[in-house]
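J.: Annotations for this protein, taken from Swiss-Prot, read as follows:
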| type | residues | note |
| --- | --- | --- |
| TRANSMEM | 15-45 | transmembrane segment |
| TOPO_DOM | 46-59 | topological domain 'Mitochondrial matrix' |
| TRANSMEM | 60-87 | transmembrane segment |
| BINDING | Cys196, Glu198, Cys200, His204 | Cu cation A2 binding site |
| BINDING | Glu198 | Mg(2+) binding site |
Amino acid sequence: MAYPLQMGLQDATSPIMEELLHFHDHTLMIVFLISSLVLYIISLMLTTKLTHTSTMDAQEVETVWTILPAIILILIALPSLRILYMMDEINNPSLTVKTMGHQWYWSYEYTDYEDLNFDSYMIPTQELKPGELRLLEVDNRVVLPMEMTIRMLISSEDVLHSWAVPSLGLKTDAIPGRLNQTTLMTMRPGLYYGQCSEICGSNHSFMPIVLELVPLSHFEKWSTSML
């Protein structure tokens, strides 16, 4: 999860988020090199007194600054497309959970179970226990098994919402009348916090998401107790 004054991205806790972090570093390095080159050329232009008033064309230079940007764009596009295909790929999910956005709470339904569903509301600040996080805690956490592929079906009952958990690299729009899907998987247990990431009204900032990833045996006990 994020912490105060954090300058970087949250720690990756899923394979997709690890790929996104690598892509971020890869792209940032390209931007840094381009910026350094541009600043160097500008500094030369400001400090040198040499001029080329007789130069009418420079075919070699034009060729270079056409081919080089094309190569740079390819170096950025290829890993980006790879990650996009990885995010869209859903192969034999072990569990499917349907989440619906409301003003201003989330509801969840475990579609593999006959009657396992609940609403998840933010806990008001005055009701928080010591150590709990303001604007991030909910009354019902989404308990999921770790090390398993989970399909999330996401939609909305009223207005546009967005179901987002940054540390897992997830952000999927919840659109009324449309069912979007995404997958999540994490290799270690823990609590993962997120929030609605689409302005949806006056209480938009009061729609937290809390995922509790646990070993499969713990998940089975929890699901049995909820039925």
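Every residue gets a Cβ built from N, Cα and C, even glycine.
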J.: Relative to the mean position of the Cβ atoms of Cys196, Glu198, Cys200, His204, the recorded Cu cation A2 site, which additional same-chain residues have Cβ within 8 Å?
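T.: What remains near the Cβ centre is Gly101, Trp104, Val159, Leu160, His161, Ser162, Ser197, Ile199, Gly201, Met207.
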J.: Quiz question: given the binding-site residues Cys196, Cys200, which has the greatest number of C-beta atoms lying within 10 angstroms of its own C-beta?
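T.: That would be Cys196, with the most Cβ atoms nearby.
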J.: Tell me, how many other CB atoms lie within 10 A of the CB of Glu198 (Cu cation A2 binding site), whichever protein chain they belong to?
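T.: Taking every protein chain into account, the count is 18.
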J.: Per DSSP, to which secondary structure element type does His204 (Cu cation A2 binding site) belong, with helix, strand and coil as the options?
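T.: Once the DSSP labels are grouped into three classes, His204 (Cu cation A2 binding site) ends up as helix.
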J.: How many other Cβ atoms are found within 10 Å of the Cβ atom of His204 (Cu cation A2 binding site), counting all protein chains shown?
T.: 17
J.: Determine the mean pLDDT over the topological domain 'Mitochondrial matrix' (46-59), rounding to the nearest whole number.
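T.: Result for the topological domain 'Mitochondrial matrix' (46-59): average pLDDT 73.
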J.: On the three-state reduction of DSSP, what should I expect for Glu198 (Cu cation A2 binding site)?
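T.: It is coil.
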